[in-house]
Amino acid sequence: MASKSAIPERVGEAAHAPPTAVRTEDDPTRDSYGTAFALLAPAIALYAVFSLLPIVATVGISFTNSGGFNTEAQFVGLDNYVRASEDPIVWQSLLRTFLWLFYHVVLAGGLGLVLALAVSSLARGKVFFRTTLFLPHLVSLAVVGVIWANIYDPFYGLLNTLLASLNLSHLAQGWLSDPFLVLFSVNVASSWQGFGLYMLLFIAGLQNVDPTLYDAAEVDGASAWQKLIHVTLPGLREVLTFVVSLAMINGLKGFATVFVMTNGGPFYASEIITTYIYRMAFQAQDHGLAAVLCIMMSVLAITITVTFNRWRARGAT
Amino acid sequence: MIPSRKDLPMLAALVPATFVIVAPFLWLIISSLKTEAEIGVGDPFALPDALMWQNYVDAWSVGGFADLIGNSLINVAGVVLLMLLTCVPAGYALSKIRFPGREWIFYAFIFGLTIPVQAIIIPLYQVLTGLGLINSLTGIVLAQVSNGIPFGIFLMRSFFLGVPNELTEAARIDGANHFQILTQVFLPLSMPAMQALVIISALSTWNDFFLPLVVLISPDVQTLPLGLVRFASTYTTSYRLVFSGTVITFLPVIILFILTQRRFTEGLTQGALKG
């Protein structure tokens, strides 16, 4: 469509253009069409086959009874959507996904902010603390899962042996076997890995806060707390909204720690949307239901991104 | 490092907090040097009587870590190379060449930035199966690059948009075509952006778990995180092997990070803020 409408326009433009040699030779739309597509072709080819096609196909699969043993998938209308709405695990896993997002924003985002404020306030040793505190972010979330499964191990784990060596054995818990504790325990592991990036972003944001505002606040006799509330946090607003949206998206994509540490258990107590998608798609081989969950997940991701972009755009004006 | 007197109250809080955050690393490293009988007994941070370096030798051979690391390196190299080859030219075309439909192509890429890879995994698996790319490092590289392309293009485009158009126009008047402008003028200029792209895609590929879990089925093609999880679930009762194997997976990246931390931090921060 774009090329059809563009060609007559260009011919017309050339006809009306002043007859100078430089103008026609330098017309940037003239020879660039082919060049542009040559430069874009590798990216478009890969992206079309491995991203766009699967996005469209997911919607298609959600209307079929495709599965591991179905060689000929049939159109089943809204059947999968009805089944999803009637499946209590779908609703529970959605609810737990929201809880998981909330934990991650508060734990990882909060820790990132507090540590960024602390590190930035130092006169000496900023780089040392920034580097040391960032170390957990370098570890793969799957490896974090292995590490924390051992930390939470009821017998040999760091947490319970530490409590025992401090004579606090009564505080020892089945961190991953208690259904009311498990989602939080696993989220602590994810957030331990996640906060480092948020901390770096907050540190970068703090460097952009106008230092004269602190001097002005000082002159006005503001306390440290008042400076934080009235100067630092407003100055960080843009980074703050960015980190919250990033943390929500990262939380939504959370999979590896849950998969490795509990595989959604005990009895679905830590099942979130990604682990349920994996279970439905690759273990139960119920592609139709899994595709409905995939669409729900995409809608959530788009909603988070659009909401935060609007919010930021409004804040910028 | 001599602390500044003014910092002392803050350090009183920050030092213990930092210790708590790195405690899992310290505990793992100390435990990885213990005998099976010493693990889980007494003070978890106490050094063992004799350092059991043998644990590392055993874990290395039992876990097949040489192959896992080799696969991970091939995986990272493939992704980084393809990311540069696709995103740098595409970012240039979408910022410095004017052609009809440019905005639409850009939006199509940006759309992909919002869709999580888990949400397209069923047809992605089918596409890879159809192309005979399941259980192959080529397959995982192509899927990861496609997944990273929206971010990479966004990053490179924002960087190129910051380069004045006069530079392109001057080169055009001198008779250079866009390929020449890109390779001779823009590549040397765009080192910081490419550095950010390399760091971010290398780290996320090295640490990726979900796509390898789905695509890489047999142990001989698996990457490090997947291999470690398989190792840890096979030798659940052999803590000394699991601990030393875990240290093997994270120590190289941590050493590399400490050696290059300024560039690394800069690249990661700038990349994330632009992307």
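Backbone N, Cα and C define each Cβ position, glycine as well.
Quantities reported herein were computed from a predicted structural model and do not represent experimental measurements.
Per TrEMBL, the feature domain 'ABC transmembrane type-1' maps to A:94-308. The annotation region 'Disordered' is assigned in TrEMBL to A:1-29. Positions annotated as transmembrane segment by TrEMBL: A:37-63, A:98-120, A:127-149, A:180-204, A:288-308.
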Long-range environment of the transmembrane segment (A:98-120) - Cβ separation under 8 angstroms, sequence gap at least 6: 126, 129-130, 133, 183-184, 187-188, 190-191, 194-203, 205-207, 228, 232, 240, 243-244, 247-248, 250-252, 254, 272
Contacting positions for the transmembrane segment (A:288-308) when only residues 6+ beyond its ends and CB under 8 Å are counted: 55, 58-59, 61-67, 76, 79-81, 83-84, 87, 90, 94, 97, 241-242, 244-245, 248-249, 252, 273-274, 276-277, 280-281
Intrachain residues whose Cβ lies under 8 Å of the transmembrane segment (A:180-204), provided they are six or more past its termini: 96, 99-100, 103-104, 107-109, 111-113, 115-117, 119-120, 130, 133-139, 141, 144-145, 147-148, 151-152, 173-174, 236, 239, 242-243, 246-247, 250-251, 254, 257-258, 261-262, 265-266, 269-270, 272
Positions on the same chain near the transmembrane segment (A:37-63), where near means CB under 8 A and six or more residues out: 73, 75-78, 80-81, 287-288, 291-292, 294-295, 298
Folded-back contacts onto the transmembrane segment (A:127-149), same chain, C-beta under 8 angstroms, at least six residues removed: 115, 118-119, 176, 185-186, 188-190, 192-197, 199-200, 203, 254-261
